[in-house]
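*Asks:* Just lifted these from TrEMBL, have a look:
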- 42-97: domain 'P-type ATPase N-terminal' (DOMAIN)
- 73-91: transmembrane segment (TRANSMEM)
- 97-115: transmembrane segment (TRANSMEM)
- 293-318: transmembrane segment (TRANSMEM)
- 345-367: transmembrane segment (TRANSMEM)
- Asp413, Thr415, Asp858, Asp862: Mg(2+) binding site (BINDING)
- Asp413: active site, 4-aspartylphosphate intermediate (ACT_SITE)
- Asp413, Lys414, Thr415, Glu545, Phe587, Lys611, Arg655, Thr735, Gly736, Asp737, Arg832, Lys838, Asn861, Asp862: ATP binding site (BINDING)
- 485-512: region 'Disordered' (REGION)
- 884-1128: domain 'P-type ATPase C-terminal' (DOMAIN)
- 933-957: transmembrane segment (TRANSMEM)
- 995-1018: transmembrane segment (TRANSMEM)
- 1030-1048: transmembrane segment (TRANSMEM)
- 1055-1075: transmembrane segment (TRANSMEM)
- 1100-1119: transmembrane segment (TRANSMEM)
Amino acid sequence: MTWRSPLALVRDALQGQRAREKELRSLVSNLPYEGQEKGKQPNRFFSSNSIKTTKYSPLFFIPMNLYEQFHRLANVYFVGLAILNFIPVVNAFQPEVALIPICVILSLTALKDAWEDFRRYQSDRKVNNTPCFVYSRMEKQFVERRWKDARVGDFVKVVCNEIVPADLLLLHSSDPNGVCYIETANLDGETNLKQRTVANGLCTSDCGFEPENFNCKVVCEKPNNNLNHFKCYLEKPNEEKVGAGIESLLLRGCTVRNTNHAVGFVVYAGHETKSMLNNNGSRYKRSKLERKLNIDVFFCVILLFTMCLIGALGHFLWLESLPGVPPYLVPDSSGHLDSPGLTSFYMFFTMIILLQILIPIALYVSIELVKIGQIFFITNDLDLYDEETDSRMQCRALNITEDLGQIEYIFSDKTGTLTENKMVFRRCSVMGTEFPHKENAESSSRRGGGRKIHPYLDFFLALTICNTVMVSMATAKRERASLFCQRKPKRNRTRSEDPAVGSAKMESAADTNGVQTCSLHPLSQRDRPAAASQSLHYEAQSPDEAALVHAARAYGFILLARTPDTVSVRLPSGQVLDFEVLDTLTFDCTRKRMSVLVRHPVTRECVLYTKGADYAIMELLGTPYGSCEHLSGNQKDVAAVTQHHLDCYAKEGLRTLCVAKKVVSEDVYRSWLVDRKRAQASMDNREQLIMETSVQLETDLTLLGATGIEDRLQESVPETTVALREAGIHVWVLTGDKPETAVNIGYACRLLEEEDLVINMKAARPGLTCTSILDCTLEEVRRYEEDPCNVDTTQNIALVIDGNTVSMALSPDLQDRFVDLAKRCRTVLCCRVTPLQKSEVVKLIREKLKVMTLAVGDGANDVNMIQAADVGIGISGQEGMQAVMASDFAISRFKHLRKLLLVHGHWCYTRLANMIIYFFYKNVAYVNLLFWYQFFCGFTGTAMIDYWLMIFFNLFFTSVPPIMFGIFDKDVSAEVLMGVPELYRMGQGKGEYNFLSFWISILDAFYQSLVCFFIPYLAYQDSDVDMFTFGTPMNTVALFTILLHLSIEIKSWTLVHWITMLGSVGLYFIVTLAYNATCITCNPPSNPYWILQSQMADPMFYLICTISTVAALLPRYMFHVLKNSISPSPLLQGRLLDRRDPDTKALRIQEWRGFRGGGEQVKRYRLSPPPSPTLDTPVDYVPEFDLTGDDFSLNVITHQSTVHT
């Protein structure tokens, strides 16, 4: 290794930093430079593939860990006091003794951090030494290397079932079509296969790929954490640019499946890979309880300073009152004695050191231990385990468990959250003719004759072709790799082997172009094509696509194969058509549709098939939404009738899609292709340019039809929503579906009741102010509230609002009106809202109403909403794991939300709140014993309790019982909490831990400390006992009082409680007796020898302990007795129910819910069988009054007839 000057090293470092910060990176192959020194490597400035997730190094662990711990102000406070105690003029204890508490706390935390970091080190070493294959120019082949040896610019070969070691630009695949299949479960939890293709025009698979012949320059964007986007182009020697995107990128951590091998070019390595940039570890949020705790700690600091000021002033007055200089005031070496003022100033700091435990040093560590225990019990609750997916509850944010017990608003997605997200094809409308799935034969025979039938062929071809469903012939299970192996949910892959719907047959005929056309008839088992692709397996990223492909398959249109360039479809006659795929216009949230451009194998026409949301397709038929003037008469009728069918589908709760096509001329296609390639090769605004080219082609579409797909409610959703409503929680649904669909689901899951006042707000044209509609709606709500019929009754008001109106209501000048309206509603359904609007609604309600919010969803479109709420819940459903990875907690079913909040949330909050209050009480009560003693020792900072016993008191004798109290205590059983959801309201708003409860406990601590001090004082008054003989009974009384105080607060005694309580008392006597017997000179000049032994031989000791403890606890005990007798709280009534036998308990719970207004039997709703709609079918929603003409409508709905029991 050659020596390099420091100047050269600094220059290289600056060059490397500039290279890494550039927006674009130019990468070349490393092969021509193989074997040369690092300074000549072209890609030397970029990160190596070695990863390091450890926070510390062995050499700098102690200073770095201390630096981390000193970010907590409490640690700085106690270390500062320990250092202050080394100053002779202000010290209160032996300096070494004062260091013990903070050293113990810092050491325990350091050991925990060291163990966690060591586990990260072991994981890093395992990953870095994983073998991989890197091409070597010297050996002319791929040779085995380790992951950490791969560099940007290398060629890496990955074989089937291996994990990709770095972010690779795919250059070659063993698949004849240049396709590589990957599984991204390690990144986003999705186990469905994804397709990656070789960058266009680089190499072909019919000849072997030679890395040495690769002479392109790879230009890519700088690293980012977006897993769904990648911008890159390859510049050939002739300066031709070929665009590449995420479809050609193999991400580190993905697993290659169903592909023999693939070769890629390393573009990002190590910590610059997308997977590592997304590896942020556990999320940190500050809980509401923690914020309140910090305020109370501040109050304790004020209280401490006040007591220290009293001590300093008292010491000054005591010195001033002395007639002379007493002999125990020793001057310094020069004979100088400090003035009373200066001595009092020093005494202020001495008092701070003496009374420092008023700030609970062990509280923060105890809270962490309690939360770990709470999380353990939550994650191991069998009621939160889903057997179907083999998944259990996950806690991803470790410090907000108590927030689960304070939720006031829930914002829920619909699809996949309230519903199964398992789609079943129910009905379709083809060219204006409606075909309910169960009545296909009748519909075809009744309506099919005489109609030109080629649109039916196009409709089912569109269902088969216009999707991203992949076809696999493999029947063997995927082989799993050993690295990163984790148990993943089984439901994430929308994979099926059998059709999800019934079968039908279509008679074939040939039109003038020789294209197969068909009419609907049942397809018998005998008429099915031979080998009807029984071994085909469909893997779809969306359950909707899977349902449509299976529906087309049921009618004889079978998707046989899909490659990047072709789609093969078998027609009902058995004929196979191979469509050339010219381009795929993928779905995005702006367009709300996707399209596939293919070349028809018979007519050779370029045909664009499009499917998407109804409003997104209807707008592209050439005219605005409802106007069809320039269309032909037949097309006018098709658009109008199809729209009517869509409305009927939505009212039945079905998910709707429109299907359309367009024949593109060759000239238009060639011109468009130039723009498309230019957009794909662009590095600036690529996504925007690609979307613009998509919009450019998706115009003047011909409507083929629409589909209605059923998405069933999840199990126990109605019971869950009713329980949440009774718990005082407002449930909102934020969905992208049509209002009619959302309302139907709302009735089905009991968010809406038939007697509810349902207000429908809808803006016909965006951009207009909705001030008037909000004002009128508020006026209507106020009239409803003031109606004498609604006095002393629950106001059951629900609001249904669409996306356009939401966007206007979120404007700054209308936010207050919208929030005022929303808070008066029990339920709000926001329809047609975007992911951004979801998050904005959550933020608005959280910030304006100052309430605790929870968002629950299952898809990537719910991530913004989940992260905006105080608590985010992800459901591991059919749409991957993006929502789970962004959430604080993860569940597998919506019904689990009921127990998670009503039981575990309530327990976590009440346990932690009571433990924190108890900690403040314990420390104030104990430290006040020292404070009262100052009045009798001239405020000199003297302690009547041995310093070691004072330290042991908080660290060992009274530390474990409150922790066990915070982990195991149950104020009410889970059965009663589930049966009486109203008990959850006790934690909402201010909850049990509030300003009043805090100060009552502080005042109680002052009273108990007075009793514990003055009863022993009066007992030993005018006696000749020494200071420690006076303090030891006081210390013992304090122990009994503090532990028995906790006994009064414990609601359910367990074996753990008994062991810790009795163990603490036993430990106190064992340690104190041993200390008094052996440690004679531990704290010179004092002598604690045989003090407790002498005390225990004196009956006065037992009398003092008994009288003081009873007198100290009697007011609190009497307060509980009187309160529980005169005005029992709902929680106490719930505890009384637990003592009943099961039959009586169930009866009393039912009576309670009936008395409180929540006892109505939960009805089980289902979607009604869809009738065959016609143009004469009446519409259910009739506006009672309109505002501002045609621009806005406000519908007041008091009954919904489509949902029934």
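Using the three backbone atoms N, Cα and C, a Cβ is placed for every residue, glycine included.
What you see is a predicted model, and the numbers here were worked out from it, not measured in a lab.
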*Asks:* List only the single closest residue to Asp858 (Mg(2+) binding site), chosen from the binding-site residues Phe587, Arg655, Gly736, Arg832 by CA-CA distance.
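*Replies:* Nearest by Cα distance to Asp858 (Mg(2+) binding site): Gly736.
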*Asks:* Does the structure show the transmembrane segment (97-115) and the transmembrane segment (1030-1048) touching, where I'm treating 3 or more Cβ pairs under 8 angstroms (sequence separation 6 or more) as a contact?
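*Replies:* When sequence-distant Cβ pairs are counted, the transmembrane segment (1030-1048) does not touch the transmembrane segment (97-115), since fewer than 3 lie under 8 Å.
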*Asks:* Could you check whether the transmembrane segment (995-1018) packs against the transmembrane segment (1100-1119) - three or more CB pairs closer than 8 Å, residues at least 6 apart in sequence?
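*Replies:* Between the transmembrane segment (1100-1119) and the transmembrane segment (995-1018), which are separate recorded stretches, there is contact, as judged by 3 or more close Cβ pairs.
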*Asks:* Indicate the candidate from Thr415, Asn861 with the smallest number of other Cβ atoms within 10 Å of its Cβ, considering only these binding-site residues.
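*Replies:* Counting other Cβ atoms within 10 Å of each of the binding-site residues Thr415, Asn861, the minimum falls on Asn861.
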*Asks:* May I ask for the residues of the chain that lie six or more residues beyond the transmembrane segment (1055-1075) and have a Cβ under 8 Å from a Cβ within it?
*Replies:* 946, 948-949, 952, 956-958, 960-961, 964-965, 968-969, 1032, 1036, 1039-1040, 1043, 1046-1047, 1082, 1088, 1092-1093
*Asks:* Specify the nearest of the binding-site residues Asp413, Thr415, Asp862 to Arg655 (ATP binding site), where nearness means the distance between Cα atoms.
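*Replies:* Out of the listed candidates, the nearest Cα belongs to Thr415.
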*Asks:* If you skip the near sequence neighbours and keep only those at least six away, which residues in the chain come within under 8 angstroms of Asp413 (Mg(2+) binding site), Cβ to Cβ?
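*Replies:* Same-chain residues close to Asp413 (Mg(2+) binding site) (Cβ under 8 Å, separated by 6 or more) are Val733, Leu734, Thr735, Lys838, Val856, Gly857, Asp858, Gly859, Asn861, Asp862, Met865.
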*Asks:* Restricting to the same chain and to residues at least six past its boundaries, which positions have a Cβ under 8 Å from a Cβ of the transmembrane segment (933-957)?
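*Replies:* Residues packing against the transmembrane segment (933-957) from afar: 92-94, 97, 100-101, 104, 311-312, 314-315, 318-319, 347, 350-351, 353-354, 357, 361-362, 923, 926, 1013, 1017, 1027-1028, 1030-1032, 1034-1035, 1038-1039, 1064, 1067-1068, 1071-1072, 1075, 1079, 1082-1083, 1086, 1088.
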*Asks:* Return the member of Phe587, Gly736, Arg832 nearest to Thr415 (Mg(2+) binding site) in space, with distance defined Cα to Cα and candidates limited to these binding-site residues.
*Replies:* Gly736
*Asks:* Take the Cβ of Asp858 (Mg(2+) binding site) and count every other Cβ within 10 Å, whichever protein chain it belongs to.
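*Replies:* Counting Cβ neighbours of Asp858 (Mg(2+) binding site) within 10 Å gives 33.
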*Asks:* Among the binding-site residues Arg655, Arg832, which residue has its Cβ surrounded by the fewest other Cβ atoms within 10 Å?
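*Replies:* Counting other Cβ atoms within 10 Å of each of the binding-site residues Arg655, Arg832 gives the minimum at Arg832.
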*Asks:* List every residue in the same chain as Gly736 (ATP binding site), at least 6 positions away in sequence, whose Cβ is under 8 Å from its Cβ.
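*Replies:* Those within reach of Gly736 (ATP binding site), by Cβ under 8 Å and sequence separation of 6 or more, are Ala613, Cys831, Arg832, Val833, Thr834, Asn861.
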*Asks:* Go ahead and report the DSSP secondary structure tallies for the domain 'P-type ATPase N-terminal' (42-97): helix first, then strand, then coil.
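*Replies:* Looking at the domain 'P-type ATPase N-terminal' (42-97) with DSSP, the answer is 24 helix, 0 strand, 32 coil.
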*Asks:* Neighbour count first, Cβ atoms within 10 Å, every protein chain included; then name which of Phe587, Asp862 tops the list of binding-site residues.
*Replies:* Asp862
